[in-house]
Amino acid sequence: MLVSGRRRLLTALLQARKWPFQPSRDMRLVQFQAPHLVGPHLGLETGNGGGVINLNAFDPTLPKTMTQFLEQGEATLSVARRALAAQLPVLPRSEVTFLAPVTRPDKVVCVRMNYVDHCKEQNVPVPKEPFIFSKFASSIVGPYDEVVLPPQSQEVDWEVELAVVIGKKGKHIKATDAMAHVAGFTVAHDVSARDWQMRRNGKQWLLGKTFDTFCPLGPALVTKDSVADPHNLKICCRVNGELVQSSNTNQMVFKTEDLIAWVSQFVTFYPGDVILTGTPPGVGVFRKPPVFLKKGDEVQCEIEELGVIINKVV
């Protein structure tokens with residue numbers, strides 16, 4: 001796989017912005033590339049905004065994709081813990097290209113109207129059951145990749161979301177057991193073509209959500225034991241530096257456990273599957289007048305404890 005020049009550029013831009021580096025002993029798993037390495041590798045981000053420890057250099061027997069890593073469960077996680085505790089060389093952030101923490105999952109599950117304040121924004125009742133839709137895995141790109149405006153849509157919108165990554169296979173999972181199936185959390189940008197989603201040809205939710213580049217993820221998969229409370233995290237989105245969404249995951253109608261229990265009635269979850277848990281208020285379509293993304297815009301999606309992803313619109 002060739003290293004994308006666009007990814008290198010945006011990673012360098014992130015470094016140049018001097019986001020505050022927050023060193024930690026939290027487990028922040030990443031997929032990355034570097035000019036001196038062949039293909040994608042697994043690593044550990046050394047804190048929010050830090051460099052990367054090459055896990056495959058620490059243990060060459062480890063798989064090089066996150067899905068395979070998660071499939072091996074505790075065996076691979078224990079290796080990552082040893083690597084985190086060791087004094088290992090760190091690749092500078094400016095020398096690596098961050099990929100999405102999960103690529104080509106079996107499924108990407110999405111939830112509509114899952115924030116109380118987002119329901120209030122639209123003056124609609126809070127749903128009594130989760131409203132589920134999906135995005136194709138081909139829409140996933142890295143945390144600093146570009147979002148490409150498709151010629152088929154004139155109304156492309158932003159949505160910051162908390163994403164859950166599944167770590168253990170399961171079906172008919174009880175809510176009380178659901179967190180045992182979670183590997184961790186990451187930041188998602190659920191880019192949405194509102195004209196297709198809301199009007200075109202009977203309201204095409206799938207098509208409106210699943211154009212190429214419409215699902216940036218990252219920067220890291222933060223393991224569940226590294227997140228104090230996934231349902232009490234500040235969540236925000238900025239477009240060209242302007243704060244457009246600002247809320248807290250405590251506004252979620254259906255929490256992670258409820259969503260896993262509900263969806264697993266219908267489908268089997270596999271390691272690497274991603275659940276986008278809904279967006280808070282402040283999206284462009286409900287502004288007066290509506291505002292949509294245009295070429296040259298820059299969208300920053302941020303969640304407390306998880307990090308920031310930055311996507312330029314082209």
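In case you wondered, yes, glycine gets a Cβ from its N, Cα and C as well.
The model shown is predicted, which means the values in this text are computed figures rather than measured ones.
Look at Swiss-Prot and you will find Glu159, Glu161, Asp190 tagged as divalent metal cation binding site. Sequence-distant contacts (6 or more apart, same chain, Cβ under 8 Å) of Glu159 (divalent metal cation binding site) comprise His189, Asp190, Val191, Ser192, Cys237, Gln245, Thr279, Val283.
Summarising the annotation, Swiss-Prot assigns N6-succinyllysine to Lys203 and lists similarity to another entry as the type of evidence. Its Cβ taken as reference, Lys203 (N6-succinyllysine) is surrounded by 11 other Cβ atoms within 10 Å in the chains shown. In the three-state DSSP assignment, the secondary structure recorded for Lys203 (N6-succinyllysine) is coil.
Sequence annotations record features per position, and here Swiss-Prot assigns N6-acetyllysine to Lys203 (among others).
According to Swiss-Prot, the feature N6-acetyllysine maps to Lys234 (among others). Lys234 (N6-acetyllysine) has a Cβ environment of 13 other Cβ atoms inside 10 Å.
The binding-site residues under consideration are Glu161, Asp190. Their Cβ neighbour counts within 10 Å are lowest for Asp190. When the alpha carbons of Lys203 (N6-succinyllysine) and Lys234 (N6-acetyllysine) are compared, the span between them is 31 angstrom. Lys234 (N6-acetyllysine) sits 11 Å from Glu161 (divalent metal cation binding site), taking the CA atoms of both as reference points. Under the DSSP three-state reduction, Glu161 (divalent metal cation binding site) is assigned to strand.
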